[in-house]
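The next block holds one structure in the form of structure tokens; read it before the comments.
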Amino acid sequence: MNLVLMGLPGAGKGTQAQKIVENFPIPHISTGDIFRAAMKNETPMGIEAKKYIDKGELVPDEVTNGIVKERLAQDDTKDGFMLDGFPRNLNQAAALDEMLAESNRHLDAVINIHVEPDVLVERLSGRFICRNCGATYHKLYNAPKVEGTCDVCGHHEFYQRDDDKPETVKNRLDVNIKLNTPLVDYYQKKGVLHEINGEQDIDKVYEDIKKVLTNLN
């Protein structure tokens with residue numbers, strides 16, 4: 001079972017990835033993890049990627065593609081894998097098709113956890129911090145027990161980090177939506193896309209994903 005897991009920041013992709021690998025015996029291949037592993041193990045592509053990362057530059061597609069290809073060549077992917085964070089654009093999607101075709105494999109499903117942008121802004125911009133002790137809260141998921149009073153130190157002054165402010169979150173989401181939309185269209189045309197409603201509770205989202213994956217087996 002060869003999968004790609006997609007979803008905008010705040011859609012709950014990390015939580016669902018964890019649930020999938022707990023219940024299906026396939027490796028979770030996150031691009032962040034494989035970059036770190038490739039650099040640590042000094043693979044040819046890891047050495048190449050490190051040059052860009054050390055300079056604070058974006059890693060070119062061909063290097064990212066090479067690192068994914070190295071990882072997909074490992075034995076534990078023989079019976080399937082779940083890619084998370086790749087592909088990020090249409091060039092990478094085409095490269096993935098090519099590398100799978102070379103080893104007589106194909107994608108079985110692309111799971112896209114869909115959450116409306118305004119809900120994502122609310123989820124991602126709800127965090128606030130006690131100015132006195134640094135305790136972190138979220139207005140939806142982890143509000144103080146007494147409104148306006150820190151549970152930890154009893155102070156009443158809170159602030160929000162700049163990157164948690166709604167306008168910053170919205171800008172970050174806009175960038176991701178621009179990358180995501182062509183990929184959703186691409187996989188829809190290929191007939192492998194499964195849209196999952198990510199606005200349900202966590203267990204219900206997983207139930208819907210599980211139904212898709214069970215039908216693939």
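Just so you know, glycine gets a Cβ as well, placed from its N, Cα and C.
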> Of 87-125, 126-164, which span is tagged region 'LID' by Swiss-Prot?
Replying inline: 126-164
> If you count the other Cβ atoms within 10 Å of each Cβ, which of the binding-site residues ARG88, ARG127, ARG161 comes out on top?
Replying inline: ARG127
> Roughly where does the region 'LID' (126-164) sit in mean pLDDT, to the nearest integer?
Replying inline: 94
>> Taking only same-chain residues 6+ apart in sequence, whose CB is under 8 Å from that of CYS133 (Zn(2+) binding site), what do you get?
In response: CYS150, VAL152, CYS153, HIS155
> Measuring Cα to Cα, how many angstrom lie between GLY10 (ATP binding site) and THR31 (AMP binding site)?
Replying inline: 18
